[in-house]
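Asker: What follows is a structure written as structure tokens; I'll ask about it next.
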Amino acid sequence: MDFGDDSRTGSARDDGDGGTLSKQLGNNGDSASLASLMSTLLPVLIYSAVCLIIFWFFRRKVQRVYSPRSIMHSLFAEERSTPLPQGWFNWLKPFWKQGDDFVLNHSSLDAFLFLRYLKVLSLICFFGCCIVWPVLMPLHATGGNGLTELERVTIGNVSDPNTFFAHVAVAWVFFGTVLCCFILFTIYRESIYYINLRNAYLLSPYYANRLSSRTVLFQCVPPAYRDAARLRKVFGDSVKHVWILRDTIDLEHLVDERTKTATRLERAEIQLIKMADRARRRGERAAPALPEHLLPPTDSPHHPAAAIPLARLLRLRPRSFQKIQRSTQASLKHFPDVNGSVAGQWIPADKRPRHRPLGNFLRSVDTIKWTRRRLKALNPAIAKLRRKLHRGTEGRPLESVFIEFATQSDAQRAYQTLAHDKPMFMSPRFIGIRPDEIVWDSLRMNWFARMARRFAMLAAIVAAIIFWSIPSAFIGTLTNIEKLSQMVFFLEWIMLLPKVVLGVIQGLLPALALSLLMAIVPWILRGCARVAGEPSLSDIELYVQSFYFGFQVVQVFLVTTLTSAASAAFSQILKDPLSAKDLLSENLPKASNFYLSYILIQCLAVGAGNLLRLYDLLRHGIMARFVQNPRVKWRVWKRVRPVHWGGWFPVFTNMGVIAISYSCIAPVVLGFASVGMYVIYLVSKYNLLFVEDSSIDTRGLCYPRALKHLLFGLYLSEICLVGLFVLRSAFYPMIFMIIFLIFTALFHYSLSEALAPLLANLPRTLALEIEELSRTDDFPSPGLSDVGVADSSPHIFGQDGDEDEEDDGPEHVTLGNRGGSNPGLEGSATLGRTFAKVSWNAYVKAVTAQLHKIGLGPVLERIDAIIRPEYSPTPNPVMRFLHPSTFDSFAHLRELIPKDLPDPTSTYPEDYVFKTYYPPEMWEPAPKLWIPKDEGGVSAQEVEHCARYGKVEATDEGAWLQEDGKVGCEVEQAPFWEERVLY
């Protein structure tokens, strides 16, 4: 047998490289992971530095972009943020010292919990580095499998299967076991913290007294109960108002037409005023001016510059001049609509604004005259239809009913009570929905349409996840385009590219493409949520959060990981199918290199972009200068883009899942994720303090859902480790990981069973606790407790004669066995429990005394202080982390809520019943026109003509035409400015 041509012959002698599979496949020294990482890091750092410099320069100059929450009068005083100093660097210290509780009290509970979530993720990754790096990084670096660069510190570089016992031990400590746990305990303690904080926030008077906190939405209400009197009988005298909705689709069409018609009229009026002003100024410039030598001397009383009354200049008596002036003004007031109007002095009738209505067979009409007549006809029609809807003679009744209760406690009782004896009736129920976030189209659906739409959208989303995998898989293959180019002939030109360009293609381009691909998914899901019938904007965000996380895990993690690993080993597997097991075990950890670039893009680049806010800077700094409509200027100034929590939480939850999943496979990911999460935390803290609007309020429900999603990282990490152990034939470590996988599932189930009812509901016992706490501090009680719950609740089952029943003496109670014929000794069960308790206490005292004798007393005291600590206002951070029930209880977190917040109900209008839980078309007032004032008097006449001929209110106050013909306005004087009301 001839071995002369075998490269493995003698490979173990003379310091040869050996003949292992990894060596033969060329894994020694051909890695480009560092080049790909640097090709991503350098552009990201440059982009982030540019964004930071621009932000640093414009932060002081453009406060509307970088500090609107400090200057906008549309916010309440308790919502505005304290402005930062305007220096170059003196604002950093106040910003750094600003606590997150300021966001809680000036923004929303969701904003505060989002910041906390980012800190929790950063903390998990940081402690993961402290636990994993000292053990696994040296083992991976000296694994002996011949990998280089970043792959050297992955599990793929480990050749000895016995080394995997270290991975099992680290996973048990980092992920969580009965004795040593971090991630599982962190999720548990954050759930406890969330429950206590949410209860303290929602039960504070500032929130509990709001209308939305006392109003419950019932859907699928049967026809028999669409009656206010019957609903009052069901829920008792605590019902204040009942909104029984009707289908207002016809009224909505009329109101929409009125709004569009008024907008068209306003644009036409502005166009007419600008045209007339331009023609007037052109005429004044064209008029010849008298030469200076023909003018009287400057000291002459007849010089134009002299401040002499016009009556004296015309040599008229003052009384005669006033008579002429009054007659002239009277004639101006009675100018006809077109002919002889003020604008007609400079603009002929055929040059006035015109359009071609579809209802007029596209014939050209005068826009101003036509819209005025149309508005004059629409207003009575809308008023008539509204009266019919209020009387209940028009529109089909809907299955949705809003009920306002006297207190939050009554609303919670109705919300948590089974209201109907038949399935699916008067369910689902929602509480805390504000009137301005209701999706009225969803409330028009019946139960069958809502159920059918929900299942249809579920099927559509599942199909979208499957088909979305195609571009995601293509992006995953780009991470190994160099190896693919060696296999595919038409990609050979890629090998000719410089290393820098190749690193950008394999590192920066896939991460950027995947980020952009996933950025459009939340908007698609919001449309699906509306079609599925979600009743409010906050419920839409919760819907988006659930499904967007599924998109993130499948596309960003699973598909990209598998395609990246498969594309790297595909050609070798085709050559040697028997090597598939070893190839996959080596190339799966290499997929982590892509996620280093992905974290850089999502944390540094996206964070810098969010801090720069380029679109807002262009909109307010440049685009707003070209807007020639006062209403649009007002909208641009007033509108602050809200934060969509359903699109933010899943992105960083998935990054946490990736970091946890690769914590024992490629520990470098933990370091990148820890720093990246903290950068995003700082950016988000600034934006939530000074820039962004968190009006979409889920009442903190996104936070526990994100914590549950984080557990998928544990499952995926454990499954990946089990798979790698199987590929490496490490069966004993595999068995230990399977055991821990079962433990994680049991913990997940137990945690959900214990905490699920507390995540969305307010416990009844807190009402009594608030009453007790109110006696010891000056925190006002929201009036949650009931004076005699049995008396205040409706007597549904009947309690006849309870008040007149006489006391017949103490009732005889038998404490023995009630089921058998021989009851036994009375009180024997209590006696047995008492004896067991006394015996156990005596045993504990005896053992404690013996331990004190041998000198372990201080140790026992220290252990007891750790297990059962006493409350302290400034606890040790470790003790606070270990005992959330002691240091972050309801009573202590209640102190985070300010006690001097105003009563939100004091701003409610008297007719709020007609303006809240009815659709806007039922109460929305007629539009007001806002046109600019001009020197020629055209705007004054148009305002009067709108009121006389179109019955439309218009004004030219607060807006004007400038010398250059552009429109200027004072946004604070907008005629449609309304004070915000916290419903």
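The backbone N, Cα and C atoms fix where each Cβ goes, glycine too.
Pulled from TrEMBL, these are the listed features:
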COMPBIAS  1-16  compositional bias 'Basic and acidic residues'
COMPBIAS  800-809  compositional bias 'Acidic residues'
DOMAIN    37-182  domain 'CSC1/OSCA1-like N-terminal transmembrane'
DOMAIN    213-441  domain 'CSC1/OSCA1-like cytosolic'
DOMAIN    453-725  domain 'CSC1/OSCA1-like 7TM region'
DOMAIN    881-974  domain '10TM putative phosphate transporter extracellular tail'
REGION    1-24  region 'Disordered'
REGION    795-826  region 'Disordered'
TRANSMEM  34-58  transmembrane segment
TRANSMEM  117-136  transmembrane segment
TRANSMEM  164-188  transmembrane segment
TRANSMEM  455-481  transmembrane segment
TRANSMEM  501-525  transmembrane segment
TRANSMEM  546-574  transmembrane segment
TRANSMEM  594-615  transmembrane segment
TRANSMEM  668-688  transmembrane segment
TRANSMEM  709-727  transmembrane segment
TRANSMEM  733-751  transmembrane segment
Asker: For the transmembrane segment (709-727), which stretch among 117-136, 455-481, 594-615, 668-688, 733-751 has the most Cβ pairs under 8 A?
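Answerer: Against the transmembrane segment (709-727), the leading stretch is 733-751.
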Asker: Reported in the order helix, strand, coil, what are the DSSP residue counts of the domain '10TM putative phosphate transporter extracellular tail' (881-974)?
Answerer: 38 helix, 11 strand, 45 coil
Asker: Quickly jot the same-chain residues contacting the transmembrane segment (117-136) by Cβ under 8 Å, restricted to those at least six beyond its ends, or write none.
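Answerer: Distal contacts: 155, 166-167, 169-170, 173-174, 182-183, 186, 190, 649, 652, 655-656, 659-660, 663-664, 667, 670-671, 673-674, 677-678, 680-681, 684, 703, 706-707, 710.
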Asker: Please work out which recorded stretch in 34-58, 668-688, 733-751 has the most C-beta pairs separated by under 8 angstroms from the transmembrane segment (501-525)?
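Answerer: That would be 34-58.
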Asker: Of the residues in the domain 'CSC1/OSCA1-like N-terminal transmembrane' (37-182), how many are helix, strand and coil by DSSP?
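Answerer: Final tally across the stretch: 98 helix, 2 strand, 46 coil.
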Asker: When the pLDDT values for the domain 'CSC1/OSCA1-like cytosolic' (213-441) are averaged, what is the result?
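Answerer: Averaged over the domain 'CSC1/OSCA1-like cytosolic' (213-441), per-residue pLDDT gives 78.
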Asker: Do any residues of this chain, six or more beyond the ends of the transmembrane segment (668-688), have a C-beta under 8 angstroms from a C-beta of it, and if so which?
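Answerer: Sequence-remote neighbours of the transmembrane segment (668-688) are 95, 98, 100, 103, 107, 111, 114-115, 118-119, 121-122, 125-126, 128-129, 132-133, 150, 153, 592, 595-596, 599-600, 602-604, 606-608, 610-611, 643, 652, 655-656, 658-659, 662, 694.
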